[in-house]
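Heads up: the structure comes next, in structure tokens.
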């Protein structure tokens, strides 16, 4: 396909046009008085949302060159989303401000490479300052405030996430599901839960609720299919003597063996239940090993030279209680903290080493199941459109609270970046010179952009608000919801330091890339061929 090649100023201006379009569409959502954006969907109802990165992903322009600008700034938003899970709109507004200021300097003859160096050095300095400013949080109240701000000032959501964090701890997983009612509810599971239920309903001990509840059971873990009941007989005999229940977790149990277990269960010879192992392939094995660590048992696998027919009682795991229904199994075990801690550290190391987001997610899930539990927030809303918007806000709120627990909090509402402008100017004047200093000044001039936009969305004059904030103490900022200047930390208007840091780093990175662009190679727009002329009369007895 033929390409269009554009150089110098013309290339940068085309990118700028695309960046302007995207930044304006996203910036309208910023702050407590930010508006919503409606996304038209080819199929289904339109979506009304307030989430920067989701809007950015939807924007495609007709002009290929302008679309390249959109894609670049979209990257700033999605990288921030990947790192911190929130702050995507702030990253977009910052990147836009840096690009606008930088392009003016490049047009005036500044060297783009030196400007980029200055931008990078300024960004590194600011990151270290944000780390210094960050206050660690531990109390539930501060966590709730963080969630409230990220969810668009919804206090109920903030409190719910703080409760969930309290119950499942730092390593726990908080997942979102679409609820069945109008209200949003929180459901917390203690212990390890996985999505496999009993193989046969005959294992249920409570026929009304169709649940199998085993107290203080032995747990047999194996990664192979159990085909013959003879393999199980030695273990079953040993357990029958103890009078305790048994849970079997295996890849599968064939009909003959299953029938024998069911008959024993119904006759009251042995209280037994069988469940298929969760996951597939290597992941299944890893999850079974996690269960073995949790229940203080051994995974009976041929890789370790162990066979079912010579399994001993001491190889089996134990738990305080196991609850099984048709879809899920929950194991509540205790008293094996040291081994579980070691296993958790091992999983954390694997998480640090992997680059795949999917693998990281799965490892995080395993970690949560081992370390303390899973909380499920069931999102309730009147309509599907509202449900989708609520779900995105909740996702941001969960990510923001996790980021806050990780790296601490800073004053919110664009306040931190605005105050840091003076520190950056002082540092740049004494450490940088020439065009690198101009690069740092570009960053310094852009730092107030998020605050100005928050103020403008609330109907105030952005430039005036920014100047007023700069003249006040470092934790003071502008509360756009009320129009007052207040101590942001005391009022609970806070941002996670990680969100502020990621947004700034990604914005600086994209701005540097755009400024150093000297040529764009893009596809030529395809010429639409005229439709062929209609055929003549078809003849015959019919009118066509």
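Yeah, the Cβs are placed from backbone N, Cα and C, and that goes for glycine too.
The shown structure was predicted, so the numbers you read here are calculated from the model rather than taken from an experiment.
Of the residues 147, 158, 413, 434, Swiss-Prot puts just one in the ATP site with 29, 30, 31, 32, 86, 87, 88, 89, 90, 479, 480, 481, 495: 413.
The number of other CB atoms found within 10 A of the CB of residue 90 (ATP binding site), across every protein chain shown, is 31. If you count neighbouring Cβ atoms within 10 Å for each of the binding-site residues 29, 88, 479, the highest count belongs to 88.
Taking the binding-site residues 31, 86, 481 in turn and counting surrounding C-beta atoms within 10 angstroms, the largest count is reached at 86.
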